[in-house]
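Peer 1: Let me give you the structure first, and then I'll get to my questions.
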Amino acid sequence: MKLVLASKSPRRSELLAQLGYQFDCIAADIDESVLTGESPGNYVERLSGEKAAAIAETFEKTQADNTLVLGSDTAVVVDDVILGKPKDINDGQRMLAMLSGRSHQVITGIAVAHAGKITSELVVTEVSFKSLSPQEIKRYWQTGEPQDKAGAYGIQGIGGQFVTGIRGSYSAVVGLPLYETAQILLACGMPTQVQTDE
């Protein structure tokens, strides 16, 4: 069985490699707009499924039956508002100010496309931030780290120093929940080195 990660994210690739899988990475080109009235959970679940399906559709039938395509998407959510990747410095600073001194949710969806079916799961993690001064926000933006990250921060980098607590999956906040990913791939017939599908 072949495994394909429908992403070019170095963070997702590193996390999947931690599970011991051999895989290819192919980025999925999909419209990531939020649909009118769509909840954050439905949005993340839809995008992870669409990413997996978009890559799975590129394989011929014989290949598709022997290939699992893993899609994933992550959204930072505060007050039911999805914080995507910041458009510019003002947007990034606005997001960080919204996260300052309070808790928010990080919702990560994973989906596996195989043999014409999509299997998916959502992981919700609560992350608490310390209060950030305007100077801290500005200096953090200037590091360049928040500029390509949902919610304008990276928990696995410099932004980790702002996190006062986490309830849920750390790896999901980084981009790929390890436990849930191993379980969903096992259910689809691809065990890790230490699992068995018996």
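The backbone N, Cα and C atoms fix where each Cβ goes, glycine too.
Curation plays no part in TrEMBL annotations; they are all automatic predictions.
Under the heading active site, proton acceptor, TrEMBL lists D73. Sequence annotations record features per position, and here TrEMBL assigns site 'Important for substrate specificity' to R11, T74, Q156.
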Peer 1: Using Cα coordinates, what distance in whole Å links Q156 (site 'Important for substrate specificity') and R11 (site 'Important for substrate specificity')?
Peer 2: 9
Peer 1: Of T74, Q156, which of the recorded sites has the most Cβ neighbours inside 10 Å?
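Peer 2: It comes out as T74.
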Peer 1: Tell me whether Q156 (site 'Important for substrate specificity') sits in a helix, a strand or coil according to DSSP.
Peer 2: coil
Peer 1: If you run the three-state DSSP split on R11 (site 'Important for substrate specificity'), which class comes out?
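Peer 2: It is helical.
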Peer 1: Report the same-chain neighbours of R11 (site 'Important for substrate specificity'): residues 6+ apart in sequence with Cβ closer than 8 Å to its Cβ, ordered by sequence.
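Peer 2: Expected: Q156, V174, G175, L176.
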Peer 1: What is the total of other Cβ atoms whose distance to the Cβ of the residue listed as 'active site, proton acceptor' is within 10 Å?
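Peer 2: Around the Cβ of the residue listed as 'active site, proton acceptor', 25 other Cβ atoms lie within 10 Å.
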